[in-house]
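Per TrEMBL, the feature active site, proton acceptor maps to Tyr24. TrEMBL lists His116 with the feature active site, proton donor. The substrate binding site feature in TrEMBL is assigned to Asn90, His96, Asp103, Val117, Ser118, Arg127. Here TrEMBL flags Arg19 as site 'Transition state stabilizer'. Among the features that TrEMBL reports, transmembrane segment is placed at 136-156.
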Amino acid sequence: MTPRILLINGPNLNLLGKREPHIYGSATLAEVEALARDQASSLGVELETFQSNHEGAIVDRIQGAAGWGPEAAVDDRTERLRKPSAIVINPGALTHTSVAIRDALLAVDIPFVEVHVSNIHAREPFRKHSYLSDKAVAVICGLGVYGYTAAIAFAARHLKAGERE
Ligand SMILES: O=C1C[C@@](O)(C(=O)O)C[C@@H](O)[C@@H]1O
């Protein structure tokens with residue numbers, strides 16, 4: 001079965017290209033997702049994308065990846081669970097606050113890569129702490145939106161072992 005990667009973006013990342021372009025660059029989220037989709041298809045993996053400004057919606061989507069909760073991910077055709085082999089997540093500001101997203105990622109037991117467009121260590125002190133980094137397979141920050149490309153390439157190559165039906 002084709003490996004699947006779930007790309008999640010948190011609050012305000014729908015404003016990529018508009019918000020603080022000197023920090024986040026000029027590419028929009030639609031462009032980032034389109035590039036990620038092309039990259040995934042050339043790597044032979046399926047990609048799902050999800051963005052929300054709401055912590056609970058992100059928790060629901062993560063639970064759904066394991067077939068739990070209101071967003072349970074079931075293949076339309078086969079009705080079988082399509083659990084992703086990896087999650088690539090930029091939780092935005094929730095990185096620095098959300099025990100709930102940490103707990104959801106640990107509950108579903110899907111390896112994840114944490115991505116930040118900016119270098120969170122070169123900004124305000126409160127951005128240095130992440131509730132996810134110690135549980136992430138890898139953390140990428142400061143590469144601009146190329147960070148998503150690097151994360152997907154890594155996930156496709158190294159996290160296929162977690163492949164499940
Ligand atoms: O919204 C964001 C975006 C961010 O995750 C990044 O991609 O650099 C960094 C966070 O501190 C910030 O709140």
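Just so you know, glycine gets a Cβ as well, placed from its N, Cα and C.
Between the C-alpha atoms of Arg127 (substrate binding site) and Tyr24 (active site, proton acceptor), the distance comes to 15 Å. The Cβ of Arg127 (substrate binding site) has 17 neighbouring Cβ atoms from other residues within 10 Å, across all protein chains displayed. Note: the CA-CA distance between the residue listed as 'active site, proton donor' and Asn90 (substrate binding site) rounds to 6 Å. It is 15 Å from the Cα atom of Arg19 (site 'Transition state stabilizer') to that of Asn90 (substrate binding site). For Ser118 (substrate binding site), the number of other Cβ atoms no farther than 10 Å from its own Cβ, over all displayed protein chains, is 18. Cβ neighbour counts within 10 Å, taken over all protein chains shown, single out His116 as the most crowded of the recorded positions Arg19, His96, His116. Across the residues the record lists as binding substrate (Asn90, His96, Asp103, Val117, Ser118, Arg127), the two Cα atoms farthest apart are 24 Å from each other.
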